[in-house]
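Over in Swiss-Prot, the protein carries these features:
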TOPO_DOM  1-55  topological domain 'Extracellular'
CARBOHYD  ASN22  N-linked glycosylation site
MOD_RES   TYR25  sulfotyrosine
MOD_RES   TYR27  sulfotyrosine
CARBOHYD  ASN30  N-linked glycosylation site
TRANSMEM  56-76  transmembrane segment
TOPO_DOM  77-88  topological domain 'Cytoplasmic'
TRANSMEM  89-109  transmembrane segment
TOPO_DOM  110-124  topological domain 'Extracellular'
DISULFID  CYS122-CYS201  disulfide bond
TRANSMEM  125-145  transmembrane segment
TOPO_DOM  146-167  topological domain 'Cytoplasmic'
TRANSMEM  168-188  transmembrane segment
TOPO_DOM  189-221  topological domain 'Extracellular'
CARBOHYD  ASN197  N-linked glycosylation site
TRANSMEM  222-242  transmembrane segment
TOPO_DOM  243-254  topological domain 'Cytoplasmic'
TRANSMEM  255-275  transmembrane segment
TOPO_DOM  276-299  topological domain 'Extracellular'
TRANSMEM  300-320  transmembrane segment
TOPO_DOM  321-366  topological domain 'Cytoplasmic'
REGION    339-366  region 'Disordered'
COMPBIAS  355-366  compositional bias 'Polar residues'
Amino acid sequence: MVPEMSERQEFQASEFAYLLENSSYDYGENETYFCCTSPPCPQDFSLNFDRTFLPVLYSLLFVLGLLGNGVVAVVLLSQRAALSSTDTFLLHLAVADALLVLTLPLWAVDAAIQWVFGSGLCKVAGALFNINFYAGALLLACISFDRYLSIVHATQFYRRGPPARVALTCVAVWGLCLLFALPDFIFLSSHHDNRLNATHCQYNFPQEGRTALRVLQLVAGFLLPLLVMAYCYARILTVLLVSRGQRRLRAMRLVVVVVVAFALCWTPYHLVVLVDTLMDLGALARNCGRESRVDVAKSVTSGMGYMHCCLNPLLYAFVGVKFRERMWVLLMRLGCPDQRGHQRQPSASRRDSSWSETTEASYSGL
């Protein structure tokens with residue numbers, strides 16, 4: 001997926017071309033005019049909405065996402081010798097989210113004015129966006145599976161295996177995401193729309209390719225990771241519910257938030273895209289009012305999905321006690337005074353324990 005502005009413009013252009021190709025004229029005695037298709041719907045409302053809404057939203061998400069994920073990466077790297085498997089996945093997740101939001105200023109310019117960066121950067125920006133879109137979802141699934149093995153089966157899959165096992169898993173995730181992004185390198189290009197008198201970064205393939213790409217995004221970028229997370233955390237909750245102690249109750253609340261946040265951020269977008277795809281395929285009737293509402297809904301719900309990049313630092317790092325302790329240590333190294341007062345500081349051995357031993361997560365809070 002790339003931000004929805006380009007995809008909508010591409011469909012409008014193809015719709016206009018189809019209209020020209022399928023028009024017929026009858027200059028008979030009465031000089032009548034006949035056209036077999038309806039004219040394209042006016043898009044003034046949705047385009048004006050995008051020009052106002054998307055640049056503001058993308059700019060805000062760029063600042064918050066880069067700052068939050070940057071802090072997570074710095075804190076994790078400051079203690080990289082003591083990183084657990086979950087912490088390593090979180091580091092890669094922070095990098096993926098940061099790289100995704102790095103492309104948002106380009107899409108903000110595309111929405112506000114037009115694409116002014118050429119076809120080369122169009123391909124790179126689109127591929128970078130999609131690589132990190134898929135990586136974010138798949139890394140969350142890896143974290144869920146790691147926690148599931150550790151808590152439900154008391155198996156330290158990565159800790160007791162070869163040291164490179166977690167690194168190889170991350171390499172496999174990035175390689176798979178690069179494979180998923182190949183259509184961006186091949187089919188994305190800057191295209192001038194004569195009807196709109198503007199250039200946009202968009203896909204150049206037929207409707208069948210557009211539908212296939214959307215199915216890939218839905219299955220690989222949402223449904224499969226969500227199913228893995230839901231199953232793993234449902235089993236984790238089953239184990240935690242039969243345990244006692246406030247620490248385990250806090251962990252139970254956190255694992256619920258993990259699945260709920262991912263689902264709430266991305267489900268609306270994929271439902272809207274499903275409706276739009278059904279309209280393209282003719283399964284749902286298309287009219288100008290519905291098309292305009294779907295266009296606006298795609299812009300709003302895609303923004304909700306990108307917000308997940310900003311939530312990840314809060315959900316997977318800042319709620320963890322161990323993360324906050326290490327962040328304070330890093331700040332004190334930089335010369336900041338310790339503002340924690342006389343709070344009790346837990347021993348390092350307890351904070352570094354794995355879930356299978358104390359059921360407390362690494363400082364991700366998972």
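Note that Cβ sites are derived from N, Cα and C of the backbone, with glycine treated the same way.
Among the stretches 89-109, 125-145, 168-188, 222-242, 255-275, the one making the largest number of Cβ pairs under 8 Å with the transmembrane segment (56-76) is 89-109. DSSP assigns CYS201 (disulfide bond) to a strand segment in the three-state reduction. In the topological domain 'Extracellular' (276-299), the DSSP tally of helix, strand and coil residues is 18 helix, 0 strand, 6 coil. The Cβ of CYS201 (disulfide bond) has 29 neighbouring Cβ atoms from other residues within 10 Å, across all protein chains displayed.
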